[in-house]
Amino acid sequence: MNGDTIFALASGAGRAAVAVMRISGPATRGLLEALAERVPEPRRASLRRLRHPGTGEALDQALLLWFPGPASYTGEDSAEFHLHGGPAVVAGVAEALVAAGARPAEPGEFTRRAFLHGKLDLTAAEGIADLIEAETAAQRRQALRQAGGALARLYGSWAARLTALLARQEAFIEFEDEDLPAGLDDEVAAAAAVLRAEILAHLADGGRGERLREGLLVAILGAPNAGKSSLLNALVGREAAIVSARAGTTRDVVEARLDLAGIPVTLADTAGLREALDEIEAEGVRRARLRAGEADLRLLVFAADEPPDADTLALMGPGALVVVNKVDLPVAAGMPEGLHVSARSGAGLDALHLRLEAEAVSRASTMGEATLTRPRHRAALQDAVSWLGELEVAPVPELRAEALRAALRAIGRITGHIGVEAVLDLVFGEFCIGK
Ligand SMILES: Nc1nc2c(ncn2[C@@H]2O[C@H](COP(=O)(O)OP(=O)(O)OP(=O)(O)O)[C@@H](O)[C@H]2O)c(=O)[nH]1
Ligand SMILES: [K+]
Ligand SMILES: [Mg+2]
């Protein structure tokens, strides 16, 4: 597979001023010669006429960039064609590249090659994928940190410490009869316990990085006619959901996106909670309850002029925020504490917006240190932690070494480096046993 030379449109599909075609692989230089006759100077944009190598037909006047490996994104010989962005130009150049022996790239294949050539680790590759998907500024910052190697450095430093501990533990096993520093075995256990606590602290971030990556779900719940759809529309500033004076208007879950302090939030408007009148409404109520269960935050909406209903009161608790709507009308007795708003007059909506922003910020990371962003990272780190826990109770040095090796493998799975071989060098280097 790595012998192939691949190409793909790096810019978006469709008509545009410029389209960027990216090429990578051992035949890149040959392709440049086939289509453009002369290979440009490395890393200098050069204007060239491109021709089909079979028919000689002129295809475009384009800017070419030549990146000889290994100083390229993929680590291989690669090139970029900055074409005029018409669909026929792009199709013609793609055809010419195939005629000259290249093939279209698979999704993610350029970054996969970069990983295989040691240009980046798996977390940085994931960061690049997230950067392309980022919708908000905070998501962009997190993705850029990760693409820049913030997680790779953190996990790399943990792997290095585990490797050093494993080296000590191995030495203890191998050279048990020799003059080794006293208490070495205990030292290893103590250092492993410190590392375990650090990993646990990193895990105890409440899923902030994952939340920012995936976005928050806020469900709007309440009795029919409480004004849930009116609130959704007021918050997103457009008529996303149908509003009417008839109870039971909303049946399907209506979703709208909102950027709250850089955190992408999905607001889900739901069917009013009550004993449903027909099967369609019953399905709507079922979906509303389902969404309530999945939500990071539940907005419980009460109509100020109605006594609070039992169905909505039952949802109060952690992760719920009470909103009393229609405060342009007199407030009924027994209303729970909450934010007072009127979707109709606009009163209190700024305060609600600010409160939602604060709730989003408290649940997702917006800045600062490296945060894990994927369940994959979390699972592997939990694995490492449990192996380090095993180490503390392991009765013999061999089992301690095994636990360290397993913890190291777990961390290696996150970055894509395993590297247990490095241990042997360290054994003999660190202790100068000289056998
Ligand atoms: N006076 C007043 N009326 C409001 C306010 N907000 C909404 N309403 C009215 O209340 C009625 C119901 O509003 P909706 O937004 O459809 O209520 P809902 O909770 O989505 O209703 P269902 O989808 O049927 O559960 C409509 O007639 C709205 O115009 C408000 O702040 N004050
Ligand atoms: K309604
Ligand atoms: Mg509604």
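The backbone N, Cα and C atoms fix where each Cβ goes, glycine too.
For R22 ((6S)-5-formyl-5,6,7,8-tetrahydrofolate binding site), the Cβ neighbour count at a 10 Å cut-off comes to 20, with all displayed protein chains included. The (6S)-5-formyl-5,6,7,8-tetrahydrofolate binding site annotation in TrEMBL covers R22, E80, K119, K435.
Positions annotated as domain 'TrmE-type G' by TrEMBL: 215-361.
Cβ neighbours of T250 (GTP binding site) (same chain, under 8 Å, six or more residues apart in sequence): K228, S229, A241, I242, D269, T270, A271, G272, G284. Annotation source TrEMBL lists GTP binding site at 225-230, 244-250, 269-272, 342-344.
The Mg(2+) binding site annotation in TrEMBL covers S229, T250. Classification of S229 (Mg(2+) binding site) by DSSP places it within a helix.
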Task: Cβ atoms near S229 (Mg(2+) binding site) (within 10 Å, other residues, all chains) - done: 25
Task: Protein Cβ atoms within 10 Å of K119 ((6S)-5-formyl-5,6,7,8-tetrahydrofolate binding site), excluding its own - done: 17
- [ ] For the domain 'TrmE-type G' (215-361), give the DSSP counts of helix residues, strand residues and coil residues.
- [x] 42 helix, 36 strand, 69 coil
Task: binding-site residues close to ligand 3 - of R22, K228, S229, only those whose C-beta is under 6 Å away - done: K228, S229
